């Protein structure tokens, strides 16, 4: 299952406007990820304050995912001829508004409305991010710029859960959400100052994007991504109630465990390139298999804090770099249609987050963590099987292109009249 070597990343241009624009987008990405996943560490106090179950509270992640799916598929056509800088700034401002609405939400309905606004911001930003970076920097600097952008993603994923838990203990869940608002406002101001005008270009319509699913290799890859993220968030969303009610750790220990998960995630992101260079599809198959094994082990060692902490550290090491692997697969599979493929991948991931968090919540409420984590392992196993299918389809496609033409003597002779 070996794959060709990944290209080396080029250095980012050092010119102030270009570097500033990329860093401003990186800050925006970090604020988005922090906003999206902060509820993971705040489900218990949020549910208690608004009078709902923890499974119901988990739907605040689901609703942002639903609106992110819709936005990722529609943003190009909806934006029309608008300058993409204006669209990017509007999406960032929407994140600021969302943070304020969520922090001051008097009831569950207003809370969900605020999270829906965040979903629009998430889907629009991530669908446009790659295309925007490609217009900001020279072609040889695109890989490094995208790595910097995804570094903001990984950093926010590292600190969001433990920071949310820490802030929730000191200033309450509302204060924790409100703390992200200045970060989002700074991202807006920085992008306003550094991102140049980006006139609209010809964009693929929604039909063309969805039409990619007619290709077996693309369809199998997107299904593998769907089950990977469904399995991940059926478990990850409910870590706090699991750790508090089953493993019985206090808030400070909870924060340390989540911080450990985040730190190993950063380590995994920095190391995954070597694995992808050795074998792209081997890595894509191994990641969900290892995650499924950890999900099962968490049920087996659910009341042992040290074992649970070690398993979750392993989860962070393996799960966090998964998007890097599938992003590399996308660049190889659809090199000429990366923008349409990127929108489809964002929609798939957000749909998976929504479905996984919803299913996990229903199972967590009905059958406890055993049901939710068992379903997670099953979904992850399905992702591994689909990754194997994708590898086989890709290999067959390459063989069909490489098949030699039949020798001249084997070709049928022409009749000469």
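Quick reminder: no glycine exception, Cβ is built from N, Cα and C everywhere.
Automated prediction, rather than curation, is the source of TrEMBL annotations.
For 17-399, the entry in TrEMBL reads domain 'Major facilitator superfamily (MFS) profile'.
Per TrEMBL, transmembrane segment is recorded for 18-37 (among others). Here the transmembrane segment (18-37) has long-range neighbours at 12, 61, 64, 88, 92, 95, 98-99, 118, 121-122, 125-126, 129, 132-133, 136-137, 145, 148-153, 155-157, 159-161, 163, 177, 180, 183-184, 186-188, 190-191, 193-196, meaning same-chain residues at least 6 beyond its ends whose C-beta is under 8 angstroms from one of its own.
If one looks beyond the transmembrane segment (57-75) by at least 6 residues along the same chain, the residues whose Cβ comes under 8 Å of a Cβ in the stretch are 36-37, 39-40, 43, 46-47, 50, 87, 111-112, 115-120, 122-124, 126-128, 206, 209-210, 233, 237-238, 343-344, 346-347, 350-355, 357-358, 360-361, 364. Taken from TrEMBL, the feature transmembrane segment applies to 57-75 (among others).
Residues of the same chain lying 6 or more positions beyond the ends of the transmembrane segment (87-106) and with a Cβ under 8 Å from any Cβ of it are 25, 28, 31-32, 35, 75, 79, 113-115, 117-118, 120-121, 124-125, 128, 132, 174-175, 177-178, 180-181, 184-185, 187-188, 191-192, 195, 198. Annotation source TrEMBL lists transmembrane segment at 87-106 (among others).
Proximity of distant same-chain residues to the transmembrane segment (112-134), defined by a Cβ-Cβ separation under 8 Å and at least 6 residues beyond the stretch ends, is recorded for 22, 25, 28-29, 32, 35-36, 59-61, 63-72, 75-76, 84, 87-88, 91-92, 94-95, 97-102, 105, 142, 145-146, 149, 195, 198, 338-339, 342-343, 346-347, 350. As annotated by TrEMBL, transmembrane segment applies to 112-134 (among others).
TrEMBL lists 146-169 (among others) with the feature transmembrane segment. Remote same-chain residues near the transmembrane segment (146-169) are listed as 9, 12, 22-23, 25-34, 37-42, 45, 129-130, 133, 175-176, 179, 239-240, 251, 254-256, 258-259, 261-263, 265-266, 269, 320, 323-324, 327 (criterion: CB distance under 8 Å, separation of at least six residues from the stretch ends).
The annotation transmembrane segment is assigned in TrEMBL to 175-198 (among others).
Remote same-chain residues near the transmembrane segment (218-239) are listed as 40-41, 43, 54-55, 58, 61, 161, 212, 258, 284, 287-288, 291-292, 295, 298, 312, 315, 319, 322, 326, 329-330, 333-334, 341, 344-345, 348-349, 351-353, 355-357, 359-361, 363-364, 369, 372-373, 375-380, 382-384, 386-387, 389-390, 393 (criterion: CB distance under 8 Å, separation of at least six residues from the stretch ends). Feature annotation from TrEMBL assigns transmembrane segment to 218-239 (among others).
Residues 41, 150-151, 154-155, 157-162, 165-166, 169, 239-240, 243-244, 283, 305, 308-309, 312-321, 324-325 of the same chain, all 6+ positions outside the transmembrane segment (251-272), place their C-beta atoms under 8 angstroms from a C-beta of that stretch. According to TrEMBL, the feature transmembrane segment maps to 251-272 (among others).
The annotation transmembrane segment is assigned in TrEMBL to 284-301 (among others).
If you look up TrEMBL, you'll see 307-330 (among others) marked as transmembrane segment.
Residues 53-56, 58-59, 61-63, 65-66, 68-69, 72-73, 75-76, 119, 122-123, 126-127, 130-131, 204, 209-210, 212-213, 218, 222, 225-235, 237-238, 241, 323, 326-327, 330, 372, 375-376, 379 of the same chain, all 6+ positions outside the transmembrane segment (342-366), place their C-beta atoms under 8 angstroms from a C-beta of that stretch. Annotated transmembrane segment per TrEMBL: 342-366 (among others), in sequence order.
Long-range contacts of the transmembrane segment (372-391) within its own chain (CB-CB distance under 8 A, at least 6 residues past either end) are made by residues 1, 217, 220-221, 223-228, 230-232, 234-235, 238, 281, 284-285, 288-289, 291-293, 295-296, 298-299, 329, 356, 359-361, 363-364. Annotation source TrEMBL lists transmembrane segment at 372-391 (among others).
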